[in-house]
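Per Swiss-Prot, these features apply:
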- 1-23: region 'Disordered' (REGION)
- GLY2: N-palmitoyl glycine (LIPID)
- 39-397: domain 'G-alpha' (DOMAIN)
- 42-55: region 'G1 motif' (REGION)
- SER54, THR189: Mg(2+) binding site (BINDING)
- 181-189: region 'G2 motif' (REGION)
- 204-213: region 'G3 motif' (REGION)
- 273-280: region 'G4 motif' (REGION)
- 367-372: region 'G5 motif' (REGION)
Amino acid sequence: MGCLGNSKTEDQRNEEKAQREANKKIEKQLQKDKQVYRATHRLLLLGAGESGKSTIVKQMRILHVNGFNGDEKATKVQDIKNNLKEAIETIVAAMSNLVPPVELANPENQFRVDYILSVMNVPDFDFPPEFYEHAKALWEDEGVRACYERSNEYQLIDCAQYFLDKIDVIKQDDYVPSDQDLLRCRVLTSGIFETKFQVDKVNFHMFDVGGQRDERRKWIQCFNDVTAIIFVVASSSYNMVIREDNQTNRLQEALNLFKSIWNNRWLRTISVILFLNKQDLLAEKVLAGKSKIELFVLDDRLFQERPFSFIEDYFPEFARYTTPEDATPEPGEDPRVTRAKYFIRDEFLRISTASGDGRHYCYPHFTCAVDTENIRRVFNDCRDIIQRMHLRQYELL
């Protein structure tokens, strides 16, 4: 006599069969997802604020994700106008605060300064024609230009000159930003942003996180399964201070941050690709530094001023530094620029070699994040390094 308790209806058997097939599909998909995950190169962009990390991400979009469409460009118009407004406001506001202060070359422009300062904190500013008129006239004033040349003494966005030079273009009603405009546009990064792209059928995920001090606590969320860290440095920031405290030297902040990442116990096996960024601005500063020392009088006191800051004013060891034998200057590069950029490189390499244990390495590259061809070339050079790191990550090498 059969046991009725073990008998199954046709419907039950069909349901179990369907469940087994569903489980197989899920298992197969999980296996596929695991393979895709393991085959993906995850790159974590780190660095201090305003070093150029987000610009690197934009370049990856231009180079590998079909760039920016019309809608995306349209949404950036307001950000670009805000950059322009912030630039002229910051410069004219700084003129009276510098020591010695800077005066307008044309005193008749004072009413324009008054206008710019009066709209500083206006919410939802609508950029009327008179704003562009006043901004352009002030930007052409030699006193305003002199204040701009001393921008290391206050906090000014890097794109200030670029957008102030384009006032006549930006003010047009039918203005459409170029790729270069989008690369130059500065928007504070807050949080974590992921960009996915593919190069020669290899998947890359690039994570961009805010670089300001209060954003860095979020970095640890991104450390898991990272293939490589791209650490971005504003090489031109040797004579500037960070926004957070207006005291700490920006390049020294980057060196301290690099040291903390290099020695982080969670990252001891993760190699670092070092992007020594803003080489164009570094070259400008170094070459401007050849200006002679000037004297000025303020309140019957004699002051000595270098119109442009020398690296040794901030890093005294630069005075004893000689260009290394492994230096490979760019064609036509001034020897002073070569010496400066390799000094900065070697400051970072001193950190990596001092505490290196053979489990991770530092690969330096000189970059200009707003130069698409430079980033294309550098990233192509880095791909073999990243591939090797990826193979080592999964113990295939």
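Placed from the backbone N, Cα and C atoms, the Cβ positions cover glycine too.
Quantities reported herein were computed from a predicted structural model and do not represent experimental measurements.
Same-chain residues lying 6 or more positions outside the region 'G1 motif' (42-55) and placing a CB less than 8 Å from one of its CB atoms are 157-158, 183, 186-187, 189, 193, 204-213, 215, 219, 222-223, 225-234, 237, 242-244, 250, 253-254, 257, 261, 275, 277-278, 367, 369-370, 386. Over the region 'G3 motif' (204-213), the average per-residue pLDDT in this prediction is 78. Sorting the region 'G1 motif' (42-55) by DSSP state (H, G, I as helix; E, B as strand; all else coil) yields 3 helix, 5 strand, 6 coil.
For the region 'G5 motif' (367-372), the number of residues in each DSSP class (helix H, G, I; strand E, B; coil) is 1 helix, 0 strand, 5 coil. Sorting each residue of the region 'G2 motif' (181-189) by its DSSP state yields 4 helix, 0 strand, 5 coil.
Considering other CB atoms within 10 Å as the measure, the emptiest surroundings among the binding-site residues SER54, THR189 are those of THR189.
The region 'G4 motif' (273-280): residue composition by secondary structure is 2 helix, 5 strand, 1 coil, according to DSSP.
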